[in-house]
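Just below is one structure, and these are the notes that go with it.
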Amino acid sequence: MLFSIGSSIDDNTEFTARGNETDRITTGKGEKKKMTKVRDSYFDNAKFFLILLVVFGHSLTNLKSDIPVINSLYTFIFIFHMPAFILISGYFSKHFRKPGYVKNVVKKTLIPYFIFQVAYSYFYYMTGYEKIFKIDLVSPHWTLWFLVSILFWKLMIIPFSRLGKLGLPIAIMLGIAAGFFNTFETDFSASRTLAFFPFFYLGYLVKKEQFMQLLTRTSARVASVFVFICVFLACHYVFPNDLQDWVLHDSSYHTFGLSNLEGGITRLFVYGISFLTIFAFMALIPKKRFSFTALGKNTLYVYLLHGFFIKTMVLFPLYKNIEHLYQYSFLFTASLALCYLLASRPVRLFTEPFIEIRMPRLQQR
């Protein structure tokens, strides 16, 4: 999210945010000597943990109802992992005034969407998920909704930027209103586009020093641990099944048998939990560089490719026979290994033309 999802949809975005920071190196006389891009380990660390949660969460999709604690873990992960990815994407979308912005955004979203929509359509046909091979560009396959939504978010930010902070409550009202209509559920990811837009716009509004305040306050980190524990316990004991479908933001309120008023209040409640959990998560992210930090710049590769592996894994009896809690530790380990594999240089060299719409940079590590 991709939720920024090594690759970027513009210079600073997505599951990658390539070039998080740009520093000017000057001489003693203040004369500019050169420009160099310095990546921000904090955001790369955040994106690594988030993409791991995306992969692990998707691996739980067909198993989540078998064990109560896993069921709760699934809900807990989905409350914040994509909203956090989307918020980070919004944070790196402040440069929309650059020349060629719209053209670049369209190129970096629509072309990969067409490529992977066709690829997933063929994959579903070959693996038996679909009985006939058909290409439907209106309804994105599984994770591809993000590519459609990020296109609209990045275009919506242009008029919304004029509203400043006032745009956030307007975005929230639009997100709530999206649940009023059945027609918004899947077509062009309209429901998710509007429902997740408040997270993107908040990311656009947030400044780096506000993130850094979370890192420098011990009280914020202690409170974040408390928030995490409370939200998970609420998922387990208070809302064991009620929140699962709500956190996906892809259905109308009528689907849940609720009126628009009841559904709107519920979505506002879910927003509150998500915002709280996102900032708790961000407060716990270290800003030092680790061995896994570099993977944070290549998360779009993991996001777009992992679906092929997850959907294949589901077909095997070994996956279907996961029944005991300890077996989920192996599933988590497999998710971690898959993240490393899909973010690796060989995979990136092969898939870069389709994901980043450019030839591989062979000289890069």
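Positions of Cβ are set from backbone N, Cα and C atoms, glycine also.
Note: TrEMBL annotation is automatic and uncurated.
According to TrEMBL, the feature domain 'Acyltransferase 3' maps to 41-343. Taken from TrEMBL, the feature transmembrane segment applies to 42-61, 73-93, 105-125, 137-154, 166-184, 190-206, 218-239, 268-286, 298-319, 325-343.
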Mind checking which residues reach the transmembrane segment (105-125)? Cβ under 8 Å, same chain, six or more beyond either end.
8-10, 131-137, 140-142, 144, 147-148, 150-151, 154-155, 304, 307-308, 311, 354-357
Out of 166-184, 268-286, 298-319, 325-343, what stretch is closest in contact terms to the transmembrane segment (73-93), meaning most Cβ pairs under 8 angstroms?
268-286
Taking 3+ C-beta pairs under 8 angstroms (sequence gap of 6 or more) as contact, is the transmembrane segment (268-286) in contact with the transmembrane segment (137-154)?
no
Going through 42-61, 137-154, 166-184, 190-206 one by one, which has the most CB pairs that fall under 8 Å from the transmembrane segment (325-343)?
42-61
Go through 166-184, 190-206, 218-239 and flag the stretch with the largest number of C-beta pairs under 8 Å relative to the transmembrane segment (137-154).
190-206
